[in-house]
Amino acid sequence: MSYAVKELFLTLQGEGFHAGRRAVFVRFAGCNLWSGREEDRATAICKFCDTDFVGMDGGGGARFADAGALAAAVVEAWGQGAERRFVVLTGGEPMLQVDDAIVHALHDAGFTIAIESNGTLPVHPGIDWVCISPKAGSEVVQRSGDELKLVWPQPGTDVAEIERWDFRHFLVQPLDDAAGQANWDAATAFAMERPKWRLSLQTHKLLGLR
Ligand SMILES: C[S@@+](CC[C@H](N)C(=O)[O-])C[C@H]1O[C@@H](n2cnc3c(N)ncnc32)[C@H](O)[C@@H]1O
Ligand SMILES: Nc1nc2[nH]cc(C(=O)O)c2c(=O)[nH]1
Ligand code: SF4
Ligand SMILES: [Mg+2]
């Protein structure tokens with residue numbers, strides 16, 4: 001199978017449990033909860049997306065003909081050294097494209113594989129670190145994993161229900177939109193009220209990283 005990749009780059013994981021860790025990011029094109037077109041945002045299931053995932057025209061983006069070609073690009077982006085190789089599959093929604101072939105190719109290249117998914121599709125069982133970020137109004141089928149990352153505030157979210165899902169870590173991340181400080185305050189209050197949860201900040205935005 002070929003893979004449509006918007007962009008591919010080396011950075012530090014900015015969010016969540018692994019914040020601060022060196023990682024190659026593969027941003028797959030396309031999502032099942034929004035077309036990515038601004039004119040569709042108001043009627044999309046997921047309305048707050050901060051990411052351009054349309055097309056293959058970002059830095060390092062391309063149509064990769066097969067898993068070998070995509071894994072080779074990830075190896076090249078990582079650069080020298082085989083130690084602690086870490087790749088984050090994101091998007092768009094990566095589970096629209098992630099398959100056995102790319103999981104095997106990345107493992108063969110020595111990478112630990114993390115995924116950022118909205119959880120509406122089952123995550124590939126070979127992924128080493130599963131981060132699910134539920135979206136109100138969608139049906140989350142992937143209710144287990146390593147990290148549950150809830151963007152907050154998010155009207156229509158059943159927090160008590162999410163807390164029953166089988167995740168090792170529960171994180172709450174401020175919604176990045178025009179409300180700014182009010183969302184920081186809401187996410188901070190959320191974590192202060194619930195000891196099960198910890199705060200995740202989008203540190204790459206603070207640092208000016210990609
Ligand atoms: C762009 S999404 C791609 C992966 C997948 N589609 C998902 O939603 O989890 C990557 C992460 O950014 C989060 N995110 C997207 N827009 C955001 C925003 N405006 N503020 C805070 N986090 C946001 C998502 O919830 C998800 O955890
Ligand atoms: N540095 C950095 N960290 C991230 N963590 C999750 C991201 C994403 O868009 O999935 C992201 C991203 O786009 N950049
Ligand atoms: S599910 Fe993820 S990629 Fe899709 S629109 Fe929402 S935040 Fe963006
Ligand atoms: Mg992002």
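A Cβ is built for glycine as well, from the same backbone N, Cα and C atoms used for every other residue.
Just one of R27, R37 is listed by TrEMBL for the same substrate site as L12, Q13, G14, T90, and that one is R27. Of the residues proposed, C31, C131, the one TrEMBL records at the same [4Fe-4S] cluster site as C46, C49 is C31.
If you measure from the Cα atom of C31 ([4Fe-4S] cluster binding site) to that of Q13 (substrate binding site), you get 21 Å. Per Cα geometry, D176 is the residue among the binding-site residues R27, T90, P174, D176 nearest to C49 ([4Fe-4S] cluster binding site).
The separation of T51 (Mg(2+) binding site) from T90 (substrate binding site), Cα to Cα, is 10 Å. For the binding-site residues given as C31, C49, the lowest number of other CB atoms within 10 Å of the residue's CB is seen at C49. For F48 (S-adenosyl-L-methionine binding site) paired with Q13 (substrate binding site), the C-alpha to C-alpha distance reads 20 Å.
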